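Got these off TrEMBL a minute ago, pasting:
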REGION    B:41-63  region 'Disordered'
TRANSMEM  B:85-102  transmembrane segment
DOMAIN    B:89-482  domain 'Cation/H+ exchanger transmembrane'
TRANSMEM  B:109-129  transmembrane segment
TRANSMEM  B:141-157  transmembrane segment
TRANSMEM  B:169-191  transmembrane segment
TRANSMEM  B:203-225  transmembrane segment
TRANSMEM  B:237-257  transmembrane segment
TRANSMEM  B:272-295  transmembrane segment
TRANSMEM  B:331-349  transmembrane segment
TRANSMEM  B:361-381  transmembrane segment
TRANSMEM  B:393-419  transmembrane segment
TRANSMEM  B:431-450  transmembrane segment
TRANSMEM  B:456-481  transmembrane segment
REGION    B:577-606  region 'Disordered'
COMPBIAS  B:578-589  compositional bias 'Polar residues'
DOMAIN    B:578-670  domain 'Sodium/hydrogen exchanger regulatory region'
REGION    B:686-767  region 'Disordered'
COMPBIAS  B:711-721  compositional bias 'Polar residues'
COMPBIAS  B:722-735  compositional bias 'Low complexity'
Amino acid sequence: MGALQSLPGQPEYIDLAEKTGFSFEQIGVLHKRFKQLSHNGETLRRDHFNEIPDLACNPIRAQIIEAFFDRRNFRQNGEGTVEEIGFEEFLVVMSHFRPPSLHMTEEQRENVRTEKLRFLFNMHDTDNDGTITLEEYRHVVEELLSRSGALGKDTAKSIADAAMLEVASISMGHMEPDEFYEGITFEHFLKLLRGFEIEAKMNIRFLNMDTPTLCK
Amino acid sequence: MAVLRPARRSSAPLLTGVMCALLLLFLPAASASRDFAPADNETWRNPARSTQEEVPHHQTNSTAHKKAFPVLSFNYEHVRKPFEISLWILLALLMKLAFHIIPRVSHVVPESCLLIVVGLLVGGIIKAVDEKAPVFDSKLFFFYLLPPIILDAGYFLPIRPFTENMGTILMFAVVGTLWNAFFIGGTVYGICQIEAAQLGSVDLLSCLLFGSIISAVDPVSVLSLFEEIHINELLHILVFGESLLNDAVTVVLYHLLKEFSHAGSVTVVDAVLGVVCFFVVSLGGVLVGIIYGVLGAFTSRFTSHSRVIEPLFVFLYSYMAYLSAEVFHLSGIMSLIACGVIMRPYVEANISHKSYTTIKYFLKMWSSVSETLMFIFLGVATVEGPHEWNWTFVIFTVFICLVSRVLGVVGLTAIINKFRIVKLSKKDQFIVAYGGLRGAIAFSLGFLLTDNEMKNLFLTAIITVIFFTVFVQGMTIKPLVELLAVKRKKESKGSINEEIHTQFLDHLLTGIEGICGHYGHHHWKDKLNRFNKSYLKKWLISGNRSTEPQLISFYNKMEMKQAMMLVESGSAAKLPRVSSTASMQNIQPKEQPRRRAMPSISKSREQEIRKMLRANLQNTKQRLRSYSRHDLMIDPLEDNVSEVRFRKQRVEMERRMSHYLTVPAKRQEMPSVRKVWFGPEQQVFTYDDSESPGRPAAPARRGPPDAISLLTESPQRTNQRGGTQAANGGATAKAGEQEEQEEQLKLSRFLSDPGPNKEQEEEEQEE
């Protein structure tokens, strides 16, 4: 929050602010961080993320990093992954974590919710086929439990299976024994987490950052 | 209840009316006699008791001649005190019951109001018969009535919303209460200066003292009210948290001002000391609570040898925390809450399921009784106590309390919203302001004031404010909540998906914070969790449960709940419908389709198997009934957990069995219905070992129980179960189907005597 150094001029910021909804201050701070992570380069790569010490002990580190390089999160209806991202893409991904403002209509709030849930969905659906299969969900739970050590795979399987059962019963209701539940589509995902109030939970405070005292 | 209502509508009020009348007659008679000399008691009480008592005429008979041996005598003094106490409590509870039976009233009027009204009635009756009511003892209130309620609140405090909103809650509790106290005190003093009110004798310090007593939101009233209106979690925790945490402020202010009003003057040093005192009181209270909480958690680590006394540890450690804090004039309420909060996760991991249920029910029971008694006493004391009514003072006080509360909340929210991610809307602010009820704590504090001419004035005003908030605000908040369409509490069923995603989000947000380089909430929460996992859990949780991640414990709890539901929803013979009709077969990807015909089991065989299962279920039930006072169960089904699981499994299995048996050969593929269930306690199936010693417990050891097998795991399983009968080649092609059959039969073998074994072996050889 001290003096912003020589950063790209205002016009670029205006464009970014419009696109992502951040304020100028927030963009400035994030830009500083971007520069720090990329060692003053123009783009970020995966190994830049791997250098962050705080992320080292996070069980879902790989998925978080992947999310930054996933084209589906760039809001341009792209698909697939990229190898490196610029500041704009960085900001766009970060903008998924902005809190909803106080004066929003119900519809806008619904949009925000859908957007955040979409982000989560993309994180789970690693093969881009539009559904979260049992294998992918098992992988998610395994990663979550990966720090717990001993109990590992079996437990993860049981839990993931139970979770899928739950989704199936919520989305499909009664199923014939011969029917087969392909996987969690985005609609089912929305239905599943409807009561979760994600717009209240999936938020980060973007101001009050003190870049000089940051790690590294 | 709905079914009973039509039939009982005519009789219920009548019945309760009769009950009330009887008890009300009896009670004043009992309690009023407290202050009389024993000689008077007999003559006074005898006529009133004639309907209840046996033959009193024996005594009159015996006075004339030499005293015959008294076959029946009457000695009330003996049991008076416990008798009266029990009678009061019984009356209170009967009243409570009566309200719930009469449906119309309890919807409109909150329980607290009704109880106060009852208290007023009782007080009125006591006064009418011109006796002295039981004295409202502040010591009774603070040492016996208040702790159960606070412990109940603290033990079951929802931690996550509480910590997420801690900043807001603290602001409201500390700054809000201070603002209230000074504003009310100041304006009341201003009013007193007006000549017309004739209150010139009231000085500033007394007014401030009065303000400090009346400013605090009362947890008992808030709890009692908010439980009925089912408001959303955020608002609930804001008001409730505020009511709990403002105790520190109240304690400090009260003692401070009391000292000052004795001393007569205040200096700057005193004010500074006051601030220091506040920190000492609050943090000291929390520290005392933490110490006792850790002690309690540590003790619970070793209680597996004596399960029956486990709940007592929880209660006693908490009560000691409260009393120890009171010794040093620290905040007892905060100490109690800290103790409950700290103790809970570790204790729950250590104690048995029965102890957990016991703790839960005892806490609810005690707090319910306490609350009821408190409101009734409030009513009685209102009717009885010396009053000094001054229109100006009282009306003004009520008005100013409301105004200051609204101003405080609005002002503070304006500041708080700058720091909150999810802002508080106007509707939220209104509910927070409107939900600030005063209650019995204010009254008790007022009672503790030294007797001077102002005490009665203050008490009257306090009572009026309490009545106003409880009655008016209490009754109108429910329709207002509906009118304003405030978000209600969502009925969550403990979904495993939500739990997974909660955890996932936690890690995700921590990660994003790391990427941003921002040490925010999630970062510190993560650090705390890791500290908890690596150090605290090792010390405070016994056995191998110390390494159990939260997701797994949650999952186990859910499974347990489902199992309980299955067991309770009827006997196994009824084949309960499980809510989710999707089963694993719908989810598992179809693997190599196996074409095999299902071996048909004859009808008689099916009947036999069912009978066996049912009989064994009953056997287990009978075995549970006997227990000694020192040991809950001495048979192999020691751990209730495994017993419940076992039952569930049996039920589940029977259901599946009947499903297969009645839908023969329609399918071509083995339904790989798998019970998703995992138990970290590796010692689950002790029953197996005792019943059939010959059989290796291999099926029981691994997670998935042996009743059902899983397609993808069948190769693995046949390796495991080398010793068992599944050795029909063990080939994956046939194994699935056959294992299924065999396991079902095997289970019945475990349950029953070796009789059917021979038949089954024959059958298997056929196949």
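The count begins at 1 with the first shown residue.
Note: Cβ is positioned from N, Cα and C throughout, glycine not excepted.
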For the transmembrane segment (B:431-450), which stretch among B:109-129, B:141-157, B:272-295, B:331-349, B:393-419 has the most Cβ pairs under 8 A?
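Maximum Cβ contact count belongs to B:393-419.
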When only pairs 6 or more apart in sequence are counted, do the transmembrane segment (B:109-129) and the transmembrane segment (B:393-419) reach 3 or more Cβ pairs under 8 Å?
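They do not touch: fewer than three Cβ pairs between the two stretches lie under 8 Å.
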Can you say which of B:331-349, B:361-381, B:456-481 has the most Cβ pairs under 8 Å with the transmembrane segment (B:393-419)?
B:456-481
Quick one: average pLDDT across the domain 'Sodium/hydrogen exchanger regulatory region' (B:578-670), no decimals.
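The answer is 52, the mean pLDDT of the model over that range.
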Could you check whether the transmembrane segment (B:141-157) and the transmembrane segment (B:361-381) come into contact, where contact means at least 3 Cβ pairs under 8 Å with the two residues of each pair 6 or more apart in sequence?
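As far as Cβ distances go (cut-off 8 Å, pairs 6 or more apart), the transmembrane segment (B:141-157) and the transmembrane segment (B:361-381) touch.
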